[in-house]
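If you look up TrEMBL, you'll see 160-269 marked as domain 'Acyl-CoA oxidase/dehydrogenase middle'. The domain 'Acyl-CoA oxidase C-alpha1' annotation in TrEMBL covers 305-452. Annotated domain 'Acyl-CoA oxidase C-terminal' per TrEMBL: 517-633, in sequence order.
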Amino acid sequence: MEGNRRLEVLERQLCAVQLAEAPELIDAAALSAICPKQLQALLVHDNPELRSAVFEFLKGDIFKPNHYLSLMEFRELTLQRLQRFVAADFGGRGFDVRDYMNDPRRFMAGLECLSFCDYSMAIKAGVHFTLCGGTICKLGTAKHHNALLPKLNTLELPGCFGMTELGHGSNVMGIETTAVYDAPRGEFVITTPSNEASKYWIGGSGQHGKICAVFAQLTVGGVWQGPHVFMVRIRDDSGRLMPGVRIKDHGPKMGLNGVDNGQIWFDSVRVPRDAMLDRYASVDAAGTYSSPIPTVSARFGTMVGGLTTGRILIGQGAVTACMIGTTIALRYASQRPQFGDKLIGDYLTHQRRLLPGLATTYALQLGMKQLKVAAFDAAKPDAKLVHVLSSGLKAAATWSRVEVLQQCRECCGGMGFLAANKIGPMKTDMDVDVTFEGDNTVMMQQVARALLDDPATARLNAPGSWDRVALAGTPHVSAGQLHSLLQAHERSLLCHLRDAMASASSGKGGKGAAAAAAAAAFEENLDLVVQLGWAHVEARCMGYMLDEARSAPGGAAAGVSVLAQLYGATRIEARLAHYLQVGLLNGADAAALRLAVNKACRQLGSGGPAAPALKLCDAFGIPEHLLAAPIAKNWREMGQTL
Ligand SMILES: Cc1cc2nc3c(=O)[nH]c(=O)nc-3n(C[C@H](O)[C@H](O)[C@H](O)COP(=O)(O)OP(=O)(O)OC[C@H]3O[C@@H](n4cnc5c(N)ncnc54)[C@H](O)[C@@H]3O)c2cc1C
């Protein structure tokens, strides 16, 4: 007892010492060296001319926010906005869906810009061009490209993507819609065998869609071949439903109401043999099925592989929203006093609520940059890396967006609730991004599974207290130390899960029984599985920030290294329980970390309009007409500028 009390006293004394000696996170000289122009060049991933042209185009009156529209009017406006987009010139090349194959960075850049303006427009474009058009590009052959892509380019044929069913969302392999080849007639018969097999949530199908990329289980000559994709007309040229197609409009949703989602049933709909996208599998006239990919599961992987581009776009849209939200909230905070002359941005709580989000936004933007390099620039992309990064960053970016926008809305007080100030509509319109294009929890499981499947995992040693980075009593914490801690955190989760799965499967007779026991152990630890996904993304993003800080010109390097420090420290703080549990930090370190973060937030957020945080927001380069929120300009003129 006595010993315990002495230990407690000692611990308290140690913490008290640390109160006076918080380690430095941010070097003051770096703050004054930050150059928004140089930083912007680092943050804009590619195609600056196209991006400028699209931003300029979005100055048109039709793109101005209008929060008074009915559901049907908003859908109509969204369609008209898209019609303008497809007709625009953009420096002579316009926007071409074939760039999905020929110039994917240009394709992405054009679509990314739309989410700066309105998410319904961005998603309607994303469904049409990326999900429908991209699927035709990736899984179709010349006959599909020639017949369909020109009509997608002009919106003559508005496209949908029919993967999800009422009964089968995340589990795509389980879809029930059938496609049976009728050899004598040379046609496929597409059928919805039960209500649970109806296509559900299909964007664009409620009202405007005319063609749909339908995922269905293929049977040829009585043999099941797994999910394949068929291009099915759902409406004719004048917009009437095709024979055998029934559609129910979903009606109002909690947001994203410019997009017309719907439910589709196919009652023995006949489509010609050419309707099957046949790049990776085909059926000849006599009814012989062939594919260079031998197994159903490998073929399925190829069929859904095209979703990566959409996933990157969704993740990028979330980072864009974080840029917009933090810029609005920080600008407002830098001008608005409350309780005398004190600016709300000078309260520590305000800095603590907004600045970690700013650091996260940078980390994710630089993470997305490396994902695009991996996906689009390599002669032969590393498929596993692209899968892990696209899944992990999609989940981390969209979950972070939820948190960042909520903080931004609260930090703006009542003004955050006003639709004209943009944060609120972004919150409701984008809320879906955490569950569509791959549900986040399922995405993080895929990241963890890929890491655990890597043979290198077997050689890893679990970190212990010898990996502790003593924050208490150190004058300065380096970004390298924070990175080491983030990596040790990931390693600890990885080793824990590896060991749990290994011990569950050891001694089980037969390969099948051992695999089933390991899978059960994975399921029993799903909480840690998701944490591992997060830990991997965070360690990677921190690494990318440090790489950029090493190679970027001075004014950009200064900004990135300052935010890398804050990112690393606040991510560790958010997961403190685990660091303490495995001995990577102790109580005194935790106390020191808190103070160090407080100090860094003060350095970045104080100073009103001269606060360094505002320079870091300027580097996002968001055009004023797309920032749109009156409180981002001069809140004192509210009502006069609306
Ligand atoms: C506005 C909107 C637009 C959409 N547009 C389209 C479209 O154009 N085309 C299309 O095909 N689809 C579309 N979708 C469907 C979307 O892709 C699905 O909603 C998504 O795949 C999730 O499926 P679900 O809704 O059935 O959820 P479920 O898969 O049923 O998941 C429900 C919950 O269970 C959890 N869960 C599920 N499986 C697991 C697991 N293995 N482990 C742990 N937890 C699990 C999830 O995390 C989630 O919280 C759209 C959806 C919406 C809302």
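Even glycines carry a Cβ here, placed using N, Cα and C.
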Helix, strand and coil counts within the domain 'Acyl-CoA oxidase C-alpha1' (305-452) (DSSP): 123 helix, 2 strand, 23 coil
The domain 'Acyl-CoA oxidase C-alpha1' (305-452) [mean pLDDT, rounded to integer]: 97
Helix, strand and coil residues within the domain 'Acyl-CoA oxidase/dehydrogenase middle' (160-269) as assigned by DSSP: 9 helix, 55 strand, 46 coil
Residue distribution over DSSP helix, strand and coil in the domain 'Acyl-CoA oxidase C-terminal' (517-633): 97 helix, 0 strand, 20 coil
